Amino acid sequence: MFSALIMTPVSDPSSFSTVSKCATKHLNLIYHVDFDKRVLKGKVALTLEVLEDKFSSLVQFSSASAKLSLCLLDLIRFDRSANYIAFKTIVYFFVCLFFIYSNCFCLQQATHCRSMIPCQDSPSVKHTYYAQVSVPKELVALMSALHDGQVPDPSDSSRVIYRFRQPVPMPSYLIAIVVGALESRKIGPRSRVWSEKENVDEAAFEFSETETMLKTAESLAGPYVWGQYDLLVMPPSFPYGGMENPCLTFVTPTVLAGDKSLAGVIAHEISHSWTGNLVTNRNWEHFWLNEGHTVYIERMIARCMESEHLRQFKGIGGWKELQESFGANNVLTNLVPNLHEVDTDEAFSSVPYEKGFALLYHLEELLGGPEVFMGFVKSYIQLFAYGTVTTEEWKNYLFTYFKDKVDILNKVDWNAWMHTPGMAPVKPKYDTTMADACTALCQRWVKAKEEDLASFTEEDVKKLNSPQLIEFMALLLQEEPLPLSHVKKMQEVYQLNSVKNAEVRFRWLRICVRAHWEEAVPLALKMATEQGRMKFTRPLFKEVYNFSKYSDKALNTFKENRGALHPVTAMLVAKDLKING
């Protein structure tokens, strides 16, 4: 494979694993899920490829923060001629469950796999895995792998063992496990949606276009290699919009809007099947390669299924999101940041997504348009498939693919794009057709005097689709806070308190709190705590905290609900609210 030939060693500042000495090729996992003791107990057999002659042992370590301890690893077989080490059924470990969701738990993301499996927690290492999971027989186990049957647990008649196999090599951060009282509905020839009973039919309706999205993505990026594509609606505290686990995408329940208007988040997770899962950043400093390309393909799916106007409109929204990202002089806003001594959770922002997309869209404009540039993206995926990649390798291939346009590429200020903090150095030229109506309505409200308020009617927003209504709200948040009288009138004519769409509701409540509408404070805090998606929870807490009369209310509400939030969410909200410890 070409990608293997050109792959250059790159250290991983986010991992202690010795990726230069050995590489995990396969995991064989056995789990026993004990809800009474809140313990995940297991053992794992690892098959490792030796990468240096003198390698003969692995480092033992114990980490209280990860709540993970390893026994000493004894070599079962060390075959130097084959250059492989096999460890069989000798690594025993216990993991205290960090969180448990109404009979459902999950552990995943970035470097956190090391808290539930002894593993090389670097995306540079890809491996297959097989798993057996013992759970109470009234519950269902799911993993980021293909279902391989189930059998009664021979050691306990009240339990069942679910089996899973993942034949496609993948990094450890994509290993995911969920156990809960789950039901499913078939939504396509290779897809089911899973959720707790209360949401399963609503979810099946919301995600009914999944197969169309998959086929569209295949037409853009090549064959889908993972076999099954299932969706799992997570408990409300899930901190992200989605997580692209192979075969089983996790998705926030906040996208259940009842009208498919927020199902576009699925297009993003589907796109990760190619960029992220199949072609993976070698370490987290190159995270933009995962996310920037995924946003690009996601918006190409919108272009194919809806219109180029919608793709342009989404680009405008992404640019606005990037503008709202953290401090311009923060080096973590570099597209390729230095993550030495940096917690990857704390580095999370919209930068790799939207600054990454902005670069790709800028290159598209320079090199010949969407069809031409998507041709490069597809070729890049095919070249580096099943492997990992760095920014330098991506850039080298870009110059190779567009060898007749090197003069254009040489004019790009690569240092400004990659290694300079702040906004992208070039603002894309987006078509504003869909955005113009949002801008016009926003400006009407901003410029309205008290005597003008009677001119607003419910017809104003009936002319807007859901993405436009979200954009209208986002534009208002970029302006000075509206007078309280205006916000009350907006509620009177648009009835925004009753809107189910979480993206609209979240922005609306921020507008209300900024206008110091005291009745909105409990509604904002309710939304901040009844779900835990960081995109919503963090800004809502910050808005109430910044309303000086209710700062203590924000602090107390957070402290009361901290235990129900995902640990990463709780940590970041605590920082937002200047809470130590």
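Yeah, the Cβs are placed from backbone N, Cα and C, and that goes for glycine too.
Unlike curated records, TrEMBL annotations are generated automatically.
Noted in TrEMBL for the protein shown:
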ACT_SITE  GLU269  active site, proton acceptor
ACT_SITE  TYR353  active site, proton donor
BINDING   HIS268, HIS272, GLU291  Zn(2+) binding site
DOMAIN    433-577  domain 'Peptidase M1 leukotriene A4 hydrolase/aminopeptidase C-terminal'
TRANSMEM  82-101  transmembrane segment
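Cα separation, HIS272 (Zn(2+) binding site) to TYR353 (active site, proton donor), rounded: 12 Å. DSSP labels the residues of the domain 'Peptidase M1 leukotriene A4 hydrolase/aminopeptidase C-terminal' (433-577) in these numbers: 116 helix, 0 strand, 29 coil. Over the domain 'Peptidase M1 leukotriene A4 hydrolase/aminopeptidase C-terminal' (433-577), the average per-residue pLDDT in this prediction is 96. Cβ neighbours of GLU291 (Zn(2+) binding site) (same chain, under 8 Å, six or more residues apart in sequence): GLY276, PRO352, TYR353, GLY356.
In this structure, the recorded positions HIS268, GLU269, HIS272 were compared by how many other Cβ atoms lie within 10 Å of their Cβ, and the smallest count belongs to HIS268. Its Cβ placed at the centre, TYR353 (active site, proton donor) has 22 other Cβ atoms within 10 Å.
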